[in-house]
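Participant: According to TrEMBL, the NADP(+) binding site annotation covers Gly165, Arg166, Ser167, Ile231. According to TrEMBL, the domain 'Tetrahydrofolate dehydrogenase/cyclohydrolase catalytic' annotation covers 4-119. According to TrEMBL, the domain 'Tetrahydrofolate dehydrogenase/cyclohydrolase NAD(P)-binding' annotation covers 139-280.
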Amino acid sequence: MQLIDGKLKAAEILEQVKAGVEGQVKADGARPGLTVVLVGEDPASQVYVRNKEKRAEEAGFNGQLIRLPSTTSESDLLAVIDKLNTDKSVHGILVQLPLPEQINEQAVIGAIAPEKDVDGFHEVNGGRLLNGDSRAMVPCTPLGCLHLIETVIPDLKGMHAVIIGRSNIVGKPLSMLLLQKSCTVTITHSKTRDLPNVCAGADILIAAVGVPELVKADWVKPGAVVIDVGINRVARDGKQVLVGDVDFDAVRDIASAITPVPGGVGPMTIACLLSNTLAASR
Ligand SMILES: Nc1nc(=O)c2c([nH]1)NC[C@@H]1CN(c3ccc(C(=O)N[C@@H](CCC(=O)O)C(=O)O)cc3)C=[N+]21
């Protein structure tokens, strides 16, 4: 079994992005800028946002974090986004999800200028991805998954990819990326009948449901490539640990290659975010 090292691949991408950022600064004197908007104090969000800031700084971006109280109204948040949309020093805008319940997420995402939507969540970018339009800003986690898959399978033509999870941020966009690479794509979800058996037909199995260690050994075809998008905090022996959606210890000897959690898809998400931001600044 080959361990797919997301940390290493992410570091490679970040080196390239860093060089691109410096090139961009020399070319037009302006440093690419990423603004992250964090509403409320969700502890997991705080960790992610801090990681993003760190990586952005290392890669030479102008990073800005806007913290707003959890009581912020939708119209106040929309006003902040309006300002960022017209600010020429801001090339990428990321509004950390989830948002507090008084705020409509789709309305907020739809208010971001599509060319600054480095998450790729705006409906214009979703539509472009669906159409295979190269102007699409592609969501970071699916893009990171694709890069990791391509490190072990350079030519994806005709491969059967099975995705567990149909979310707007992972399952659906990833299905479009893999279809574009001429995979045969199956999207499964909570109502799928005989899920283990469907998964066992996969050459490439991607788990993105948020159920700790759902995927067991007999769900995996021998030699399959397994990508674990899950990040679940669970208690084990009185300690908090991170586990994925795949039962790693059971599956590792059946798969030909597998991503770990942590150190797999997570670091790739951040690397792709910064690569999207560099592209936005161009
Ligand atoms: N608008 C928006 N865009 C996002 O991209 C977005 C978001 N909202 N909300 C939350 C999720 C989650 N997310 C992660 C990114 C990196 C790691 C990551 O680097 N994880 C490390 C471990 C981190 C740890 O130790 O907790 C790893 O897997 O190795 C995890 C999770 C981005 N998200």
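Any Cβ shown, glycine's included, is placed from N, Cα and C.
Small disclaimer: the values here were computed from a predicted structure and weren't measured.
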Participant: In the domain 'Tetrahydrofolate dehydrogenase/cyclohydrolase catalytic' (4-119), how many residues does DSSP call helix, how many strand, and how many coil?
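Facilitator: Tallied per class, the domain 'Tetrahydrofolate dehydrogenase/cyclohydrolase catalytic' (4-119) gives 62 helix, 19 strand, 35 coil.
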Participant: So how many other Cβ atoms are close to Ser167 (NADP(+) binding site), meaning within 10 Å of its Cβ?
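Facilitator: For Ser167 (NADP(+) binding site), the count of other Cβ atoms within 10 Å is 18.
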Participant: Can you give me the same-chain residues 6 or more apart in sequence from Ile231 (NADP(+) binding site) with a CB-CB distance under 8 Å?
Facilitator: Leu242, Gly244, Val261, Pro262, Gly266
Participant: Around the Cβ of Gly165 (NADP(+) binding site), how many other Cβ atoms lie within 10 Å? Please give the count over every shown protein chain.
Facilitator: 22
Participant: I want to check the contact list for Arg166 (NADP(+) binding site): same chain, sequence separation of six or more, C-beta distance under 8 angstroms. What comes out?
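Facilitator: Within the chain, Arg166 (NADP(+) binding site) has Cβ neighbours under 8 Å at Lys172, Ile187, Thr188, His189.
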Participant: Could you give me the DSSP helix, strand and coil counts for the domain 'Tetrahydrofolate dehydrogenase/cyclohydrolase NAD(P)-binding' (139-280)?
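Facilitator: Helix, strand, coil within the domain 'Tetrahydrofolate dehydrogenase/cyclohydrolase NAD(P)-binding' (139-280): 51 helix, 32 strand, 59 coil.
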